[in-house]
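Visitor: Pulled from Swiss-Prot, these are the listed features:
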type: BINDING; residues: W10, L45, E66, R123; note: S-adenosyl-L-methionine binding site
Amino acid sequence: MEPAFWQQRWADNQIGFHQAQVNPYLQTYWPQLQLAPGSRVLVPLCGKSLDLAWLAGQGHRVLGVELSRRAVEDFFREHGLEAEVRQQGAFEVWRSGDVQLWCGDFFALRAEDVADCVGLYDRAAVIALPVQMRARYMQLLSGLLPANCRGLVVTLEYDQSLLAGPPFSVRDEELRQGFAGWQVEQLEAVDVIEDSPKFVQAGASSLLERVYQVSR
């Protein structure tokens, strides 16, 4: 999947993956991670998610990584924030207060960029990537993030033969294999097929949304 795909989705405003409210799983389960105030949290493929502002509101320093400059611009504009912009390596870094959005290719991140990220939040990153890219993505996370990191990961599981994706289906065993070396605990699994007409029309009988806590 090429970067141009996501750039075009944002250009055409085809952003059905964007949620108009803070994710309820985040609000429910994030507190149990017990991250200290001021902890830095990595949010891969963040878009203009409202979850970024929520995390900052909990006292965290937020590092979102997003390919689309349009998404980054929209986040700061929609929150009424003035951002300082600078170049750092392969990324254009936008900053306002405790929120930094790094505009560029996630796979260009270096270990020193995220060495102090002790939190991870992935609601729509791993499910946005086809199988080979998401294996590379999870391997990169494990290689970059420090040993004391913990966070939340949200996945979807359905019959992939019915829909091409994204979002892509990620099976439980694939997620656990991708986070080998981490402690992986499933916190919740909910069938959301009744709220997902696209999947119903495609013939899917279930759409399982899973929430995991990952830590090491």
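Think of each number as a place in line: the chain as shown, counted from 1.
Keep in mind that glycine also has a Cβ here, set from the backbone N, Cα and C atoms.
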Visitor: Around E66 (S-adenosyl-L-methionine binding site), how many other CB atoms lie within 10 A of its CB?
Guide: 26
Visitor: So if I measure Cβ to Cβ from R123 (S-adenosyl-L-methionine binding site) and keep only same-chain residues at least 6 apart in sequence, which ones fall under 8 Å?
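Guide: In sequence order, the residues whose Cβ lies under 8 Å from that of R123 (S-adenosyl-L-methionine binding site) (at least 6 apart) are N23, Y25, L26, S49, D51, L152, V154.
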Visitor: Secondary structure at E66 (S-adenosyl-L-methionine binding site) (DSSP, helix/strand/coil)?
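Guide: The residue in question, E66 (S-adenosyl-L-methionine binding site), is strand (DSSP, three-state).
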